[in-house]
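Feature list (source: Swiss-Prot):
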type: BINDING; residues: LEU133, GLY137, HIS138, LEU139; note: (6S)-5,6,7,8-tetrahydrofolate binding site
type: MOD_RES; residues: LYS242; note: N6-(pyridoxal phosphate)lysine
type: SITE; residues: HIS241; note: site 'Plays an important role in substrate specificity'
Amino acid sequence: MSAGTASDTTALNTFFSAQLAETDPEIAKAISQELGRQQHEIELIASENIVSRAVLEAQGSVLTNKYAEGYPGRRYYGGCQFVDIAEELAIDRAKRLFGCGFANVQPNSGSQANQGVFMALMQPGDTFLGLDLAAGGHLTHGAPPNVSGKWFKPVSYTVRREDQRIDMEQVERLAQEHKPKVIIAGGSGYPRHWDFAKFREIADSVGAYFFVDMAHFAGLVAAGLHPSPFPHAHVATTTTHKTLRGPRGGMILTNDEALAKKFNSAIFPGLQGGPLMHVIAAKAVAFGEALKPEFKIYAKQVIDNAKALADTIISGGYDITSGGTDNHLMLVDLQKKGLTGKAAEAALSRADITCNKNGVPFDPQKPTITSGIRLGTPASTTRGFGVAEFKQVGSLIVQVLDGLADKGESGDSTVEAAVKEKVHALTDRFPIYS
């Protein structure tokens, strides 16, 4: 095709104006189906949330076209004056949200934020302490298949068997024995508050850095409804989705300027090249939303809803690890009912209630089977569910699980169908992206 012809112009106009449904109907269909799933199912996966239209707009903006290696004012590419504005806004808003001096908003995920901290604070072979994955920790805190377990020497602490709370005596004992370089607090399945002051005291006693991974509860911290890692932590990381209700991504926070420089170097050029500027802009939008008074109301509702859900499930005859929750999530221990997490997840999915199978402390089952499910309230709270709705959701969960216990792994199809109808009645009352 020769340059400058009418057909060339038409092709270019089509490239810049054609809708997705025209150019790629297969992907458009998958996206439409996912929208329908989100609209009509009750989302209880603790690590998921629903972002605003504004966040979607920022993430789908022309900023996706821009390469911007480096940091604001110190880029390796020209034409970065406007993406610098977006990143500087994200940094400033993050610092205001968490009351800290320095923020790196470039990590593409919470896992990469954690890797950046490890790279900055440790050398391969160094020892660190983290919560055991089976007790509610995270893969990046030393699980054998993860780079954190391959490059470094993880030592895991756990929870007390009698109450499933962090065993701080064990943390102190292991710290004195192993003299770790870093001690981590945080995880993906721990429903209680953390004693950050005690962790810092233990870290100081052995000359370790204290690192908080607050990926799950950062939004509650930002709202002032959960203990803050600062001033106790040397560094904190978080994802920007989950309770922060932003785009999928990560972030590193600190009050130590010297450490901040190390973290910046670890992320770029250590782990990443060009940052995702469209995602960083969406982070800035979400942080701006979280600075508004309405966000504190939302975060309080998340916590109230979680307590209502946990209480309802306990009243239905099921165990919640540690006896309840202080944050947005809970683990339902299914062992006394003879159920597996895998079967429970599948049964609830058939009723259009989405959750995930999850190990419970001292779980005898394999990670692919598990003895529990993890439930969280952020996403359904975003769509407007309150305590009354979550009490109903808890009752629906109990009905499905009871049917599973009565009928075996295939579940009770009659109960599941009836619950599904009630689920749709609920979601229809609280529409999203309509």
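Note: Cβ is positioned from N, Cα and C throughout, glycine not excepted.
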- Query: For the recorded positions HIS138, LYS242, which one has the sparsest Cβ surroundings, going by other Cβ atoms within 10 Å?
  - Reply: HIS138
- Whole-number Å value for how far HIS241 (site 'Plays an important role in substrate specificity') lies from GLY137 ((6S)-5,6,7,8-tetrahydrofolate binding site) (Cα to Cα): 18
- Task: Could you tell me which three-state DSSP class the residue listed as 'N6-(pyridoxal phosphate)lysine' falls into?
- Result: helix
- Message: Give me the CA-CA distance between HIS241 (site 'Plays an important role in substrate specificity') and LEU133 ((6S)-5,6,7,8-tetrahydrofolate binding site), in Å, as a whole number.
- Response: 21
- Task: Please list residues from the chain of LEU139 ((6S)-5,6,7,8-tetrahydrofolate binding site) whose Cβ is under 8 angstroms from its Cβ, counting only those at least six apart in sequence.
- Result: SER111, LEU133, PRO145, ASN146, SER148
- Query: Just counting, how many other CB atoms are there within 10 A of the CB of GLY137 ((6S)-5,6,7,8-tetrahydrofolate binding site)?
  - Reply: 24
- Using an 8 Å cut-off from the Cβ centroid of LEU133, GLY137, HIS138, LEU139, can you name the remaining same-chain residues around the (6S)-5,6,7,8-tetrahydrofolate site, in sequence order? GLY130, LEU131, ASP132, THR140, HIS141, GLY142, ALA143, ASN146, GLY187, SER188
- Task: To the nearest whole angstrom, state the Cα distance for the pair HIS138 ((6S)-5,6,7,8-tetrahydrofolate binding site) and LYS242 (N6-(pyridoxal phosphate)lysine).
- Result: 15
- Message: Please identify, from the recorded positions LEU133, HIS241, the residue with the sparsest Cβ neighbourhood, meaning fewest other Cβ atoms within 10 angstroms.
- Response: LEU133
